[in-house]
């Protein structure tokens, strides 16, 4: 098992370095953003409804862009390779960081806000989708869950290092440092990362059957791009994929709402600042890194992706309900340590879905999953940002500052119940020849 993990690391080392550097550049800004937003929009206050609403609107617009762009970019990467398409999200992520590195008053903040929305619409979700597809190109299907966990572990390691750095970097230097790190990650990827071209199917058959009788060159590229019908075809042909998509939607709905509300809740409830935020993120990140790199390779063969998925969702449900009734400042710290089990969810879903399609459809299926996640990111702020602002204000119908977080826990319960219905399914290539197949053709 150790040799297998080392082999995966060796084959993906340049991708892992790119993920680490890019994640480091993004995470180092996270602990300070709540303070910067409130200082720019509501100076001298601990609670700012405008900042909450703008954060929610940003998530909605980013989700709208991701729903359109992520399946498109994923499918294009199936045809033209992953490296060229990975360049786009890495490039656009640098621009907002450079703007806020130039100043942090209200004018610069609004400029950063607008450019960040545009950049996220173009690239958010795409990088994650493309890295998963890259791994699927490089790693045999029986080792993909461990490989996806490894990617998540490296992402968590960059999360830990980024939050630790944010603890000590002065606020006025945070965004210049972030911009430099992101640029280094982009340059490293362009120089060292090998491109991949999906191989012909050898074990799995395509879930969406293409007509190979005509030359690819004879069909315009944009007529081959995925449509809503293609996505519905995947849902219809594979019950396992459709169940995984439902679980991912409700999990992303809860995660997106938590991201939009938790830091503002802690700021208003316990007057946390960037140092406390960095401490919480670092605790979660250290636990997630150790879990993904050490526990997942051991637990996957013993339990399987389905049980790991359900376990992660159950613990996440409990965490959210306890967050909603936090009665002292130490409670979020204790919950941050328990949140490590939530990292089982996304690698398990990606692995379950990846095994349902052939090698030349990995970009499409990961793009569709990212589209489902992005759709949840659109819905979540529309519901939970106003709810959070209401219950943190003096106009709340009753006193329950964590009411919106309790509602997020209910969404996670739905995901948990659905995950219990997923049963291990053989790869598509192992289904008997008598099984029904999807015969829709990409046109």
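Cβ atoms are placed via backbone N, Cα and C, with glycine included.
Not measured: the values here are computed from a predicted model.
The domain 'Major facilitator superfamily (MFS) profile' feature in TrEMBL is assigned to 1-427.
Sequence-distant contacts of the transmembrane segment (15-38), counting only residues of its own chain at least 6 positions beyond either end whose CB sits under 8 Å from a CB of the stretch, comprise 9, 45-48, 51, 54-55, 86, 90, 93, 97, 100, 104, 109, 127, 131, 134-135, 150-151, 154-155, 157-159, 161-163, 165-167, 169, 171, 174-175, 177-182, 184-186, 188-189, 192-193, 263-264, 267, 273-275, 277-278, 281. The transmembrane segment annotation in TrEMBL covers 15-38 (among others).
Positions annotated as transmembrane segment by TrEMBL: 50-73 (among others).
The transmembrane segment annotation in TrEMBL covers 85-103 (among others).
When Cβ-Cβ distances below 8 Å are used as the criterion, the transmembrane segment (147-166) is approached by residues 5, 8-9, 12, 15-16, 19-32, 131-132, 135, 138-139, 174, 177, 274, 278-279, 281-282, 284-286, 288-289, 291-293, 296-297, 300, 343, 346-347, 350-351, 354 of the same chain, each at least six residues removed from its ends. As annotated by TrEMBL, transmembrane segment applies to 147-166 (among others).
Among residues of the same chain six or more beyond the transmembrane segment (173-193), those with a C-beta under 8 A of the stretch's C-beta atoms are 14-15, 17-18, 20-22, 24-26, 28-29, 32, 83, 86-87, 90-91, 93-94, 97-98, 100-101, 165-166. Summarising the annotation, TrEMBL assigns transmembrane segment to 173-193 (among others).
Same-chain residues lying 6 or more positions outside the transmembrane segment (244-266) and placing a CB less than 8 Å from one of its CB atoms are 34, 47-48, 51-52, 55-56, 59, 63, 235, 272, 276-277, 280, 309, 313, 316, 320, 323, 332, 345-346, 349, 352-353, 368-369, 372-377, 379-381, 383-385, 387-388, 392, 401-402, 404-405, 407-409, 411-412, 414-415, 418-419, 422. Residues or ranges marked as transmembrane segment by TrEMBL: 244-266 (among others).
The transmembrane segment annotation in TrEMBL covers 278-300 (among others).
Counting residues 6+ beyond its ends, the transmembrane segment (398-417) has Cβ neighbours under 8 Å at 246-247, 249-251, 253-254, 257-258, 261-262, 265, 268-269, 310, 313-314, 316-317, 320-321, 323-326, 383-384, 387-388, 391-392 in the same chain. Residues or ranges marked as transmembrane segment by TrEMBL: 398-417 (among others).
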Inset, instruction - Could you tell me what the rest of the chain brings near the transmembrane segment (278-300), counting residues at least six beyond its ends with Cβ under 8 Å? - result: 1, 5, 27, 30-31, 145-146, 149-150, 152-153, 156-157, 159-160, 163-164, 166-167, 266, 272, 308, 332-333, 336-337, 339-341, 343-344, 347
Legend entry - Surrounding residues of the transmembrane segment (85-103) on its own chain - C-beta under 8 Å, 6+ positions past either end: 18, 22, 25-26, 29, 36, 73, 76-77, 109, 111-112, 115-116, 118-119, 122-124, 126-127, 130-131, 134, 175-176, 178-179, 182-183, 185-186, 189-190, 193
Inset, instruction - Using a Cβ-Cβ cut-off of under 8 Å, list the residues of the same chain that are 6+ residues beyond the ends of the transmembrane segment (50-73) and lie near it. - result: 34, 37-38, 41-42, 85, 88, 113, 116-117, 120-126, 129-130, 225-226, 231, 256, 259-261, 264, 364, 367-368, 370-371, 373-382, 384-386, 388-389, 392
Legend entry - the domain 'Major facilitator superfamily (MFS) profile' (1-427) [mean pLDDT, rounded to integer]: 77
